[in-house]
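Please read the structure below before turning to the comments.
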Amino acid sequence: MELLQKAIQERGTIIGETIVKVDSFLNHEMDTALLYEIGQEFRRQFQHKPVTKIVTIEAGGIAPALMAGLAFNVPVVYAKKQKSLTMKGDVYVESVYSFTKQVHSDVTISKDRLSPEDHVLIIDDFLANGEAAAGLISILNQAGATVAGIGIVIEKSFQRGRSRLEELGIEVVSLARIARIGEGKIEFLNS
């Protein structure tokens with residue numbers, strides 16, 4: 001997605017050889033026009049799937065998931081990293097490791113938010129090693145829901161996330177695929 005790649009090049013900040021900070025347009029301050037286009041692109045990419053729900057993990061995945069939910073006209077559910085007092089009853093729980101934060105979190109979704117009839121599109125802001133997506137897949141499997149696919153805003157293709165998810169037989173669509181970060185620049189796979 002050219003518009004997204006341009007935003008990453010112009011507004012992203014390189015931190016070492018594995019991290020691109022995109023808090024000026026994606027996951028702190030949000031460029032709503034860009035996010036709208038991201039949601040529309042996920043709709044175009046997955047229009048062949050019978051999506052009934054979008055699922056993500058708080059917090060970075062919420063904005064693109066919400067825009068995808070609007071484009072599909074379906075509900076959005078986000079996995080919480082901490083069980084709140086308002087989350088009563090049974091929950092699905094999975095431990096997920098965050099590459100960026102270098103910590104494990106138990107993510108939860110209330111059991112009444114998912115059903116075996118759901119065809120779920122997983123949306124997230126980044127794909128590195130595939131931990132977040134794998135955790136959500138586990139929760140969806142616990143619920144008996146069908147994984148319709150995985151939509152990623154920015155993929156770090158030099159890490160193993162895509163291959164890990166494709167080994168599970170799941171369609172993965174990334175709107176920007178970073179081949180390499182280094183020497184003050186970001187290289188994309190399709191550029």
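Backbone N, Cα and C atoms are what each Cβ position is placed from, and that goes for glycine too.
Keep in mind that this is a model prediction, so the values were computed, not measured.
As given in TrEMBL:
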BINDING   ASN27, LYS156  xanthine binding site
BINDING   ALA128, ASN129, GLY130, GLU131, ALA132  5-phospho-alpha-D-ribose 1-diphosphate binding site
DOMAIN    40-162  domain 'Phosphoribosyltransferase'
From ALA128, ASN129, GLU131, ALA132, the binding-site residues whose CA lies within 10 Å of that of LYS156 (xanthine binding site): ALA128, ASN129
Tertiary neighbours of ALA132 (5-phospho-alpha-D-ribose 1-diphosphate binding site) (same chain, Cβ under 8 Å, six or more apart): ILE57, GLY61, VAL96, SER98, ASP124
Local backbone state of ALA128 (5-phospho-alpha-D-ribose 1-diphosphate binding site), from DSSP in three classes: coil
All-chain count of other Cβ atoms within 10 Å of ASN129 (5-phospho-alpha-D-ribose 1-diphosphate binding site): 16
Residues of the domain 'Phosphoribosyltransferase' (40-162) by DSSP state, where helix covers H, G and I: 35 helix, 46 strand, 42 coil
ALA128 (5-phospho-alpha-D-ribose 1-diphosphate binding site) CB neighbourhood, other CB atoms within 10 A: 20
Residue pair GLU131 (5-phospho-alpha-D-ribose 1-diphosphate binding site), ASN27 (xanthine binding site) - Cα distance, angstrom, rounded: 18
C-beta crowding around ASN27 (xanthine binding site), within 10 angstroms: 20
